[in-house]
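**Student:** Dropping a structure here in structure tokens format, bear with me for questions.
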Amino acid sequence: MAWGDDEEHRFGGEEEEEELDENDYKTQKDAVLFAIDISSSMLQPPPTSDNKKADKDSAVAAALKCAYQFMQQRIIAQPKDMMGILLFGTEKSKFRDEAGSRSGSGYPHCYLFTELDVPAAEDVKKLRELVEEGEDADEVLVPSKEPALMSNVLFCANQIFTTNAANFGSRRLFIITDNENPHGNDKQAKSSAAVRAKDLYDLGVTIELFPVTRANKGFDLSKFYDDIVYRSPAEDPDASTGVKTSRSGDGLTLLNSLISNINSKQTPKRSYFSKMPFELAPGLTITVKGYMPLHQQKPARTCYVWLGGEQAQLAQSETIKVDSEARTVEKSEIKKAYKFGGEYIYFTPEEAKSLKELDTKCLRVIGFKPMANIPMWASVKKSTFIFPSEEGYVGSTRVFSALWQKLLESKKVGIAWFVARKNANPVMVAIIPSGNLNDEDQDATTPYLPAGLWLYPLPFADDIRTVDIKCPPKPADELTDKMREVIQNLQLPKATYNPLKYPNPALQWHYKILQAMALEDDVPDEMEDLTVPKYKQIDKRVGGYLAEWKEELAEKAKEFMEFRATKRELEDQDMELVERKRPAKRQKPAAGSTAGGPSSGGQMSNAELKAAWGNDTLKKLTVPVLKDILTSKGISTTGKKADLLERLEEWIESHA
């Protein structure tokens, strides 16, 4: 294929990068604030159990461990994101340090354990001492006698986000609690909390609830949190109607449940493009956003650090263009040119820019085709998921939904002209619909992907090569039937593959090494690779089937070799009859050949070779005769006479 790197190739370098919309980069930063309820029930350890998988940590300990793991991931994987921990319901109160703008008196029973900021190694060490070593020297995990007002908690979070992450495109508040009704029948407190929650949403902060339940008790959102946690379906297409709960004491550890629920929300949806005009017909245009759900994750780029001063600083790179005499060349002295026919064709910056812009960014439908007309081999690049946006045109969601439903019903795809960015290469794409997870015709192999429309890049004519594919030999039906049993017993759970369950082992190893060096821990000796097959489980499931299949394969191979040997012997006999009918030519007897023996080794039949091998007279044949025999059998003729005799005897023994 003619495609290069998977990243979008841009022309023009630095000048073109500056022209991109600044809003595209706002969502690249994420600020997450953990709000953990410190109450007597949250601090209560789970009941003792003989089950090895039973919970051993309290809800607070599990929440702190979850936050600790979350911080470990963020400190390296996403170094520009912010994270903080706010404990509410504590006996002590702390908002800012005494040198800050205010103390904790304004927010009683709220303790800002970790400031909302880019996680540093010291923050990780401080949280680790509290989580793993249980060192609570400041007694922050002491519950208050009276519960904290949720309006104070939400207002405290508002101040934290406003002060520390004012320009962040993604700001989220994670509330972990087991109290479904913190204010009981106090309508004034509920109303005040709802107002503070509305203020957060107006500020652009999303509130996520992670309720903790007991084995015999549920979590009723209607009592309080229905007025606190809400979101617009148009902004979050994957939002479910319910909230996932983390159950304590049912054998599945509370920690794993919390980590699973938080990891499902830890990465904000970062659009590949936004405000894209989607032209369905002349005069009918809507706006869409594009996302790349599947993308290769790579280690963060390294940076140069200057260590010459008292404190290490990032080195600032600078590029200077010089001529042959080492004189600094100004930007105004440089002209861009293309070489053609041995001459340089000069262009002004405006002319060079016009050469690179084939079209403005757009997604324009040019027709429709049956879905069966899109072949499997047409996939040359990963697909882009698009979702409607009301930013450009009101009503885009309704039109988009109508198009999606029509394509699903008709089993057709749209063919469109697509330019992702102003300076990107235009491509032809197929607009392919994907069904809901509840639909009968859904693609069950990708349940983790959303329903909607996908831009499926198509190759141009010069991207397609003509490849002669030769069909391999068809295996026997018996071997196919036995291998089918092996495949059926090696199915993944629910016959689906979810790439989110198999992290990149090389990338994780890279992060672990960096984390150990940053936290001054011991460097691990082995890495955890979830892609390594579980050999013991495979042997337990299909070990017997594989042994039977191997025996069947050996029998079929033996029958096939015997058939080929018999066929070759019959062909040799037919050739011998033909040679006998031809007039024989007088040839000089080969040296070393016995009287009445064959004049050429190639004319000896298999029966004569077996007889000579049984009488131990093969050694009397000369090297030319041996080479002639081996050549007729398709065997190598290199080496000395002893090597030739050994190969010939092995062949006769295998065909005896």
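Even glycines carry a Cβ here, placed using N, Cα and C.
Caution: TrEMBL annotation is automatic and unverified by curators.
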**Student:** In TrEMBL, which of 1-25, 226-250 is labelled region 'Disordered'?
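**Tutor:** That would be 1-25, per the region 'Disordered' entry in TrEMBL.
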**Student:** Mean pLDDT for the domain 'SAP' (618-652), rounded to an integer?
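**Tutor:** For the domain 'SAP' (618-652), the model's average pLDDT rounds to 83.
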**Student:** Please list, for the domain 'SAP' (618-652), how many residues fall into helix, strand and coil according to DSSP.
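**Tutor:** Split by secondary structure, the domain 'SAP' (618-652) comes out as 26 helix, 0 strand, 9 coil.
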